[in-house]
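Let me begin by presenting the structure, written as structure tokens, before commenting on it.
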């Protein structure tokens, strides 16, 4: 916060650095707390789906919603609005987080990025192999990517429950791994779950991307103006046959990582505004004070890079709004329609549970170990192999992202329900394993530190 009683202003580098660190802390806090809201939303959906209100619950999400404009009619059911439209905002925030991490975070240098990248690759490959080993001969092979995803909110939420005894470097590794996991999930969705591609849609998406570049070239600062090119990209991807929510990733990755260029420096604007407020003759001029405060807010806004500022504004809405709504819309699985005696259903559930609970920690630990022993990277300070294993257990909490992938992988309702049950059980077991192992990890660390 700026001190109005002094004419000295912090330098630009200091301000930007403080903003970056506070953004990371805010991100971790919001993700951790939102896990509770997600859990409540999922539990409510499960209760409704297995109660006397199950038909009402299902009918609600199939309610059409749209609008007419002359001869133009746009109408989709609520399920589509949540999964294809609302989730675009989630992917927008994910795209901005990826962009920021590449610019100044854990992915900013090859040396820093090797460990989480290798760990994430192991955490994707081993669960996929485990799932395929159970389901290779069936018609449900397309579910291989379901156990590869990580729900960052739940994972960080469990880590937050373990308290400050967990080294901060473990938080950073988990966050970096989850971000890389998001990148791989986006690539998997784009390349493996996009069918009947129509090239004409790519031209529409390209026009939207070109419009973004044009807006940035003429220095449009308002984020609302980018809704139009974002909608064009979204529509283009849908026409192409690629999941339209990935438009959020494209827009997020294009968000500037440097403050908006102005003719007048933001620091100069703030300095002039502070000087104006300190003048005695303006203390009674409310209009003048109001105008000056607006200039200060503009200077404060412009000093922060759009990728940090917009993410900060959207992140709480995504964490406490978009994701709980998604969980409430998709976690409601009716156990009455689930037949565990069916071999197909059983193998889908088994492949996903083992993939999440065993495949994730095994893949992350094994890949990290090989990378360190081969000399590709080193473990960060205060991070041990037991800590990496803890990260592996928490990364097995797939939940919302795994459910999202399962809805793309399975068209058959029975198979989709089986996949969702596998995700819920696997994520729950991974959460319990992570929490239990985390308590053991903390206890052992205390014993080590107490030794003379």
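For all residues, glycine too, the Cβ spot is worked out from N, Cα and C.
The stretch that Swiss-Prot tags with transmembrane segment, taken from the ranges 346-366, 367-387, is 346-366. Taking Swiss-Prot as the reference, the stretch among 57-77, 78-98 described by the feature transmembrane segment is residues 78-98.
The transmembrane segment (346-366) shares more Cβ pairs under 8 Å with 388-408 than with any other stretch in the list 78-98, 141-161, 388-408. A contact links the transmembrane segment (78-98) to the transmembrane segment (222-242), because at least 3 Cβ pairs that are 6 or more residues apart lie under 8 A.
Packing against the transmembrane segment (114-134) from elsewhere in the chain are residues 106-107, 141, 143-148, 150, 173, 176-177, 179-181, 184, 347, 350-352, 354-356, 358-360, 362-368, 370-372, 376-380, 388, 391-392, 395: each is 6 or more residues past its ends and has a CB under 8 Å from a CB in it. Panel annotation: around the transmembrane segment (172-192), residues 24, 27-28, 91, 94, 97-98, 101, 105-107, 113, 115-117, 119-121, 123-124, 142, 145, 148-150, 152, 155-156, 159, 242-243, 246, 249, 364, 380, 383, 388, 391, 394-395, 401, 405, 408 of the same chain, lying at least six beyond its termini, place a Cβ under 8 Å from a Cβ of the stretch.
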